[in-house]
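As annotated by TrEMBL, domain 'Major facilitator superfamily (MFS) profile' applies to 59-487. If you look up TrEMBL, you'll see 92-116, 123-142, 183-203, 215-235, 269-290, 318-339, 351-372, 378-406, 457-481 marked as transmembrane segment.
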Amino acid sequence: MCVDSAGCELEACSSSDEVHTLSGSMSAALKPSARELRACSPRQRCCAALERLRSPTAAAGILSFGNVLNYLDRYTVAGKRDNTHTLIDAAAASLFLCVVFICSFMVAAPIFGYLGDRFNRKVILSCGIFFWSAVTLLSSFITKEYYWLFVLSRGLVGIGESSYSSISPTIIGDLFSSNSRTIMLSVFYLAIPLGSGLGYILGSSAKDAAGDWHWALRVSPLLGMIAGMLILLFVPEPKRGSSDQPSSRMKSRTSWVCDMKALGKNRSYVFSSLASAAVSFATGAFGIWIPQYLFRAQVVQKTAVSCTVQPCSSRDSLIFGAMTCVTGLLGVVIGAATTRFCRQKTERADPLVCAVSMLGSAIFICLIFVVAKKSIVGAYICIFIGETLLFLNWAITADILMYVVIPTRRATAVAFQGFTSHLLGDAGSPYLIGLISDALQKSYATSVLWQFLSLGYALMLCPFVIVLGGMFFLATALFYLDDRDKGRVTVSFSLKGPPGQIKVTYITS
């Protein structure tokens with residue numbers, strides 16, 4: 001027979017002498033007597049079934065699914081871009097839709113980082129998903145006359161999504177360790193390119209199929225509600241630091257001010273956050289401008305004509321979205337495999353792999369603007385290789401943070417890394433690129449060739465920022481081992497005395 005942890009007899013069990021429980025098995029000598037056994041109620045059986053499904057792997061899969069929806073919703077609006085916009089109009093659209101979203105996202109992130117280090121994380125995640133799903137669904141019914149209300153809704157969505165991005169990686173960090181954690185974080189961060197690409201595809205496809213891109217905003221909310229319920233039911237709330245060495249399991253928390261001082265002194269964390277901001281700068285600018293840049297390249301080559309009547313073709317957004325999915329998947333998988341191999345050669349493998357990939361990415365991204373005027377196929381090849389190398393470091397950067405930051409301040413660290421990445425990265429890069437291009441275009445405003453070239457010259461800022469990010473990863477490699485060792489050290493001792501026991505914990509990182 002089989003019993004659960006409450007002593008309830010379960011049906012359809014073997015009649016062997018071994019008694020199985022949710023936490024393991026017990027011998028026949030320890031088997032409870034018939035008087036102790038009782039029939040399980042439907043509620044107890046349901047709880048027992050749910051407990052068996054709450055495995056770390058299932059939890060990582062659910063959190064990854066939620067992250068896909070997070071980025072799908074974020075880039076759906078970008079996928080509906082029209083080629084009729086002038087650069088000034090497009091820059092303004094980027095400001096009000098992209099920048100407002102990112103600004104609200106990064107302002108809310110530190111708040112959720114604080115909450116994530118001190119309260120139940122999966123409840124915060126679920127509330128965040130339900131909130132942004134509801135706001136997204138309601139925003140799909142806003143008409144053009146109330147554009148300001150739509151902008152406000154995107155800001156509210158950013159607040160909801162910031163809770164997810166700030167907290168969910170820390171749960172995976174507490175469920176897995178070592179190479180397993182790297183693999184699971186890689187799966188989690190596969191959601192960034194996959195969700196971003198699907199957002200482009202969904203936004204442009206809805207516009208072509210239904211004639212109204214707002215229909216795209218009615219798909220992700222339903223899936224978001226499902227993800228929120230799955231998190232509540234199947235994602236456990238692990239103890240902070242449970243996957244780390246026993247010596248690093250924190251039994252007390254430090255103040256927020258102390259956490260911020262410690263993070264500011266953690267050189268590996270600071271430099272890797274600055275490098276992450278460089279990646280965010282490039283991906284944010286590319287996501288908004290590359291499809292339009294490639295369209296203008298085709299106009300220059302006379303293989304396409306400027307769109308003056310709606311609806312315009314979304315082929316470039318579809319191709320770029322599909323390419324973002326593929327390159328993101330390849331980049332994260334290659335990054336995880338490369339890091340795992342290089343760890344056998346050097347303990348500084350994580351930041352070194354990131355540095356080399358970013359420097360290599362800068363080369364191919366520069367080539368995009370060289371070959372685009374003559375060959376669209378050549379430009380797509382350069383984009384494919386450049387994006388693959390750029391996306392290679394996403395999961396590795398998160399793994400670096402898990403190694404160099406103690407468990408009880410990881411949510412705060414993730415939140416402020418996201419804050420820095422957006423503040424110095426994609427919060428302003430799309431608008432900055434648009435302003436530079438507009439300034440260059442003023443002399444020859446009616447020239448199709450100069451419209452193409454001015455946007456290309458503005459986008460040339462991205463590879464220089466990527467090289468700077470590679471330098472930051474090299475700086476991270478210099479301090480990585482020291483900061484990693486400090487993150488593992490916790491000194492604690494007990495002072496015994498009547499009438500009880502006082503326990504004092506010192507955190508040295």
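Numbering starts at 1 and runs along the chain as displayed.
Backbone N, Cα and C atoms are what each Cβ position is placed from, and that goes for glycine too.
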So which residues does the transmembrane segment (318-339) touch in its own chain, when a touch means Cβ under 8 Å and the partner is 6 or more beyond its ends? 79, 182-183, 186, 189-190, 192-194, 196-201, 204-205, 287, 290-291, 294, 349-350, 353, 357, 380, 383-384, 387-396, 399
Are there 3 or more C-beta pairs under 8 Å linking the transmembrane segment (215-235) with the transmembrane segment (351-372), counting only pairs at least 6 apart in sequence? no
Stretch contact, the transmembrane segment (215-235) with the transmembrane segment (457-481), Cβ-Cβ under 8 Å, 3+ pairs: no
Using a Cβ-Cβ cut-off of under 8 Å, list the residues of the same chain that are 6+ residues beyond the ends of the transmembrane segment (183-203) and lie near it. 56-57, 60-61, 63-65, 67-80, 168-169, 172-173, 175-176, 213, 216, 219-220, 287, 291, 317-318, 320-329, 331-333, 335-336, 391, 394-395, 398-399, 402
Give the one range among 123-142, 378-406, 457-481 whose Cβ atoms make the most pairs under 8 Å with those of the transmembrane segment (269-290). 457-481
Same chain only, please: residues at least 6 beyond the ends of the transmembrane segment (378-406) with a C-beta under 8 Å from a C-beta of the stretch. Say none if there are none. 169, 173, 181-182, 185-186, 188-189, 192-193, 241, 248, 250, 263, 266, 268-269, 272, 275-276, 279, 282-283, 286, 290, 294, 297, 319-320, 323-324, 326-328, 330-332, 334-336, 338-339, 350-351, 353-354, 357-358, 360-365, 367-368, 371-372, 413-414, 417, 466, 473, 476, 480, 483-484, 486-487, 490, 507, 509
